[in-house]
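Database features, via TrEMBL:
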ACT_SITE  D19  active site
ACT_SITE  N67  active site, proton acceptor
BINDING   D19, E206  Mg(2+) binding site
BINDING   20-24, R32, H36, 64-66, W68, R70, R187, 193-195  substrate binding site
Amino acid sequence: MHPAPSAAAVPRHIAIIMDGNGRWAQRRRRPRMIGHRAGARAVNRTIDFCLEKGVSALTLFAFSSENWGRPQEEVDALMKLFLHALDREVDELQRRGVQVRFIGDRSRFAAPLRERMATAERMTAANARLVLSIAASYGGRQDIALAARALAEEVAAGRLQPQQIDEALLASRVALADLPAPDLFIRTGGDTRISNFLLWQLAYTELWFTETLWPEFDAGVLQQALDDYAGRERRFGLTSAQIADKATESSSA
């Protein structure tokens, strides 16, 4: 029997739940907002690492659809942080070849923030070194529901027959449809759940959890995740023998 291949050493697409900002601040007896600011620096470190390693897509869960239920003071402070971060970072992201996208329901954001989001997307649209997708006011169930609604509207308009709807068609309507599915999912902060993030897209993604709080996340921790990922066998529902045979066929073709 041929040895089963491991996953590629560098995933094409990494998705991250950035958890632990509040706890990081509380352990230092500081306001939660200090933790969110420290978390913004961890975002920059992560982008640097992905650019260095040749990762082609990075998706970050910045603000969930459920996060609107947090204390209003914290929500307001987060909105200001988003706004300032966009003003501060977009030129540098453009210079470094990073394409910025936002997924989620942006209608709930104030007009100035929506305008900054649109400007960042427009400025960086032609960049191809790294696609940075920021999930803001995003929920995985909402994502699937909106995709289903779009297909239902096409059926109602007579542009689509119900029997034409399959997994591939639905997949073309969810967020990130033009990107490869995430190869590696990382959650910081110690919790071991995906919390309504990319529910459709994570079907065959490798999951990796760390106790590290997000403000402490750095290249060393990210390299640990990649090292673990590189040693995994990705079978996509097949057996190890089938995967090994496919690899042999590809190498001899």
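Cβ atoms here come from the backbone N, Cα and C positions, even for glycine.
With all protein chains in the displayed structure included, the most crowded Cβ environment within 10 Å among the recorded positions D19, E206 is that of D19. With the fewest other C-beta atoms within 10 Å around its C-beta, G22 stands out among the binding-site residues G20, G22. Under DSSP, W24 (substrate binding site) is assigned to a helix (H, G or I) in the three-state scheme. Within 10 Å of R187 (substrate binding site), counting CA to CA, the recorded positions D19, N67, E206 contribute D19. Each residue contributes its Cα atom, and for H36 (substrate binding site) and D19 (active site) those atoms are 10 Å apart.
I194 (substrate binding site) sits 12 Å from E206 (Mg(2+) binding site), counting Cα to Cα. The Cβ of N67 (active site, proton acceptor) has 16 neighbouring Cβ atoms from other residues within 10 Å, across all protein chains displayed.
When each of the binding-site residues W24, W68 is scored by how many other Cβ atoms sit within 10 Å of its Cβ, W68 comes out lowest.
In terms of C-alpha distance, the listed binding-site residues G22, S65, W68 place S65 closest to E206 (Mg(2+) binding site). Under 8 Å, Cβ to Cβ, and six or more positions away along its own chain, S65 (substrate binding site) finds G104, D105, S137, Y138, G139, Q142, N196. W68 (substrate binding site) sits 16 Å from D19 (active site), taking the Cα positions as reference.
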